[in-house]
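What TrEMBL says about this one:
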type     : residues : note
ACT_SITE : Cys130   : active site
ACT_SITE : His271   : active site
ACT_SITE : Asn301   : active site
DOMAIN   : 124-203  : domain 'Beta-ketoacyl-[acyl-carrier-protein] synthase III N-terminal'
DOMAIN   : 255-344  : domain 'Beta-ketoacyl-[acyl-carrier-protein] synthase III C-terminal'
REGION   : 272-276  : region 'ACP-binding'
Amino acid sequence: MRSPATGGGAPSRTGLPAVPRSAVVMGVGGWLPPDVVTNDDLAARLDTSDAWIRTRTGIARRHVAGRGTAVSDLAVEAGRRALASAGGPAVDAVVLATMTPDHPVPATAPVVAARLGLDGVPAFDLAATCAGFVYGLASAAGLIAASVAERVLVIGAEVLTGIVDPRDRSLAVLFADGAGAVVLRAGHDEPGALGPVVLGSDGARDDLLYIPGGGSRARAGGLPAGTGGEFLRMRGREIFRNAVERMAESSRRALEAAGWKTGDVDRLVAHQANARILAALGDELEIPADRRPSTIEHTGNTASASIPLLLAETVADGRLRPGHRVLITAFGGGLAWGATTLVWPELPAGH
Ligand code: UT7
């Protein structure tokens, strides 16, 4: 079965055009801020070690935004690279997935659009934590299917170092900063077209990853200032277990909806949360290690940025090539998760 965004075409009963349109990837780009923090740098100020971090997470180093750098700065760089990779098309909508916006109000996407010279286009933020990029793909497919937009820039960008308590060793070693983006255009059943997108959420488990302060719940509850309520809290082991289960389940559903088997998958492009999660997911889906590209060793966990960063890096170094059948999946706090498929296309400007 095809989703409304990807297939079919029934005769119009209204006189309006009734041709469902696919959302087709036509460009990809990533941006990592230049400053790098190694495990040894962290071990110099926290009770941790390079060996613990590598063994438990697969991370060796990570990029961090310097002082004065906000998420819009990273998003603009990634957006610029994705637009260049797409051959510099006119884009008529911008979706920014982030859990670290420049400000609580207003949204950051309009600022990013304006700085990219896209003044006047619809632009909005999307809050789905580490699953934000997959939710962003689904939103872009919807905008295209509804003829709101012909071409959509979807960006995932995070400055997670700003919401992690630098004294919290379990989170400070894991989360980092970065941005990635894709450009999608209206198209048909062709390479680059997103397959059916599967999304899900479970708000009953919102306590597994959350920030207590800064929102209306904290204001209603009178959370006192200075109690650390501005920092991320995570129940790591439960998030770990849910991540593997939910990504595996949504991947299976997305594959089934696309008419693919796991053996058809050339590249598993999964949210880069932790190397052990990626290994467990790959084993669960029986996708061999050489089909599971990863950036986690040098990026850490960049939440909504991790999938487009992985796409951009693997296109650039040739690990992802035209014709590869790609399974994308992500999971994060919310809880929120999702998966989709595509055949990787030739990009107008290469990589
Ligand atoms: O991006 C989507 C959302 N996030 C994720 O998907 C992350 C999911 N969770 C994880 O990646 C892992 O749970 C962590 C990497 C966060 C933690 O790894 P873990 O294997 O689940 O460790 P743990 O939290 O169960 O802690 C094991 C031990 C504890 O010590 P005790 O109680 O056994 O004595 C921790 O205090 O490791 C200790 N520990 C550390 N030790 C050295 C926790 N962090 C560190 C550290 N260095 N940085």
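Glycine residues also receive a Cβ, built from the backbone N, Cα and C atoms like all the rest.
Sequence-distant neighbours of Asn301 (active site) (same chain, 6+ residues apart, CB-CB distance under 8 A): Thr57, Ile59, Cys130, Leu160, Leu174, Phe175, Ala176, Gln272, Ala273, Asn274. DSSP assigns Cys130 (active site) to a helical segment in the three-state reduction.
For the domain 'Beta-ketoacyl-[acyl-carrier-protein] synthase III N-terminal' (124-203), the number of residues in each DSSP class (helix H, G, I; strand E, B; coil) is 25 helix, 29 strand, 26 coil. Look at His271 (active site): DSSP puts it in coil. Summarising model confidence by region, the domain 'Beta-ketoacyl-[acyl-carrier-protein] synthase III C-terminal' (255-344) averages a pLDDT of 97. Using a 10 Å Cβ-Cβ cutoff, Cys130 (active site) registers 33 neighbours. DSSP assigns Asn301 (active site) to a strand segment in the three-state reduction. Sequence-distant contacts (6 or more apart, same chain, Cβ under 8 Å) of His271 (active site) comprise Cys130, Ala131, Phe133, Ala243, Met247, Ala303, Ser306, Ile307, Thr329, Ala330, Phe331, Gly332.
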